[in-house]
Amino acid sequence: MPQLFGTDGLRARAGEFPLDEKSVLILGRALARLLQRRKLLPRIVTGRDTRESGLWLEESLISGFLAGGGEAVSAGIITTPGISYLVRSQDFSAGVVISASHNPYLDNGIKIFSHLGTKIPEDWEDELENEIKSAQLPPGLVRERSLEVDEQLKLHYLDFLRQAGPARPGQKLKLVVDCANGASSELAPVLFSGLGFETITINSRPDGKNINNGCGSLHPDELAKMVVAEKADLGVAFDGDADRAVWADERGRILNGDHTLYVQALHLKDKGALKKNAVVATIMSNMGLEKILEENGIRLLRTRVGDKYVLDEMLKGGYNLGGEQSGHTIFLDHSIAGDGLLTSLKMLEVILEKGQSLSELVRDFREYPQVLLNVRVREKVPFGEIPGYEEAAAEVRDRLGKNGRLEVRYSGTEMLARVMIEGPERSLIEELAGRLARVIDSHCGNR
């Protein structure tokens, strides 16, 4: 049986193993027992995004947790980083988020945070996974359908964001905010309007099925058009659980997490606050980011893909800024999690302090042409075992030389192989990426 926990917890089609009711009941009970074995008080906080399956999954997990001798408090619909913050600030032993992030509504997931507010270590995952795969559901253990929500928990999170963000702006800024019909739909308008920003909110009416549907951080075109039409200063798009943010500048140009890291790195360095003059990113960040940071005396360190690997490197090396091209950004001086709402406040802070628009702030950042192809696969065969792969990859690297990069990896959350190539000419890298993708597809593609 394949490994259940990926780079971002459990993720699957809701109602199917391991996100069927029985498995989630068992997981809840197993989590309570795991905390007790580690001499931690079995008390957790839970939350979810807006998927229609979220409520029954949260009820199932809590029912199992209570059966295991634990105590659980629900924050209701809240962002993933909101739960990470609450675990640490309210002295819970763990936190659980029911969310599949940027995936379609039919999928869901379970992310578990330790008492430190970080994603649980792999040995915890292994113990829980073994329980899910082997344990039997005890007689009488059923899902209780009455979930009480402590609304004060969201207010604690909002207070934290207000304190971490800019002071009430002296100048009026106009924002367009795309909530992806997800977890930020209620929180974002309250936060930004309360800080004095003129706020236009789109895709903030979740119905259980429209989360991430043609909107949010994976589909920012509507946001960009709205920013231009409304003559707004900035547009921001979140994903379903609001742990990432991408942008549309005042001209309607779409910008990603690499631009965030560039703007924030220079701002922190100017203030003498960028620890070790370094930024942590992943192998997917553009070569252009590495080059422009180097020109400004800032090192870029790379990790494998996944915000938990970025965080690990930040904690290990003592760095305070890191993130991913996809929009996860970690400000370790404020939070241990990538947080789209916090990232938005930090970008607004720079715009206000510098008195410059976002397009002006990123004016000198030139991205290398980049192609990313997704190949849907039926199994994740090691690339070195795919006939013809090593030869094709060697040819790509030879033709790119020192002027480009090749990264091929399997998604940690989906049955996809991702082929990413950067280089000086788009036509060349499109040709090379297509050739390598066809080699993978011919052997293990899911057609």
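Using the three backbone atoms N, Cα and C, a Cβ is placed for every residue, glycine included.
Residues or ranges marked as active site, phosphoserine intermediate in TrEMBL: Ser101. The Cβ of Ser101 (active site, phosphoserine intermediate) lies under 8 Å from the Cβ of Asp8, Thr80, Gly109, Asp239, Gly240, Asp241, Asp243, Thr413, each of these being in the same chain and 6 or more residues away along the sequence. Ser101 (active site, phosphoserine intermediate) falls outside any helix or strand according to DSSP and counts as coil.
The annotation Mg(2+) binding site is assigned in TrEMBL to Ser101, Asp239, Asp241, Asp243. When secondary structure is read from DSSP and collapsed to three states, Asp239 (Mg(2+) binding site) falls in the coil class.
Look at TrEMBL and you will find 3-135 (among others) tagged as domain 'Alpha-D-phosphohexomutase alpha/beta/alpha'.
The domain 'Alpha-D-phosphohexomutase alpha/beta/alpha' annotation in TrEMBL covers 157-252 (among others). Broken down by DSSP into helix, strand and coil, the domain 'Alpha-D-phosphohexomutase alpha/beta/alpha' (157-252) contains 28 helix, 19 strand, 49 coil.
Summarising the annotation, TrEMBL assigns domain 'Alpha-D-phosphohexomutase alpha/beta/alpha' to 256-367 (among others). Sorting the domain 'Alpha-D-phosphohexomutase alpha/beta/alpha' (256-367) by DSSP state (H, G, I as helix; E, B as strand; all else coil) yields 56 helix, 16 strand, 40 coil.
Sequence annotations record features per position, and here TrEMBL assigns domain 'Alpha-D-phosphohexomutase C-terminal' to 372-438.
The phosphoserine annotation in TrEMBL covers Ser101.
Take the mean position of the Cβ atoms of Ser101, Asp239, Asp241, Asp243, the recorded Mg(2+) site; other residues of that chain with a Cβ within 8 Å of it are Asp49, Thr79, Thr80, Ser99, His102, Gly182, Ala183, Phe238, Gly240, Ala242, Arg244, Gly340. Per-residue confidence over the domain 'Alpha-D-phosphohexomutase alpha/beta/alpha' (157-252) averages 96 (mean pLDDT, predicted model). DSSP assignment over the domain 'Alpha-D-phosphohexomutase alpha/beta/alpha' (3-135) gives 54 helix, 33 strand, 46 coil.
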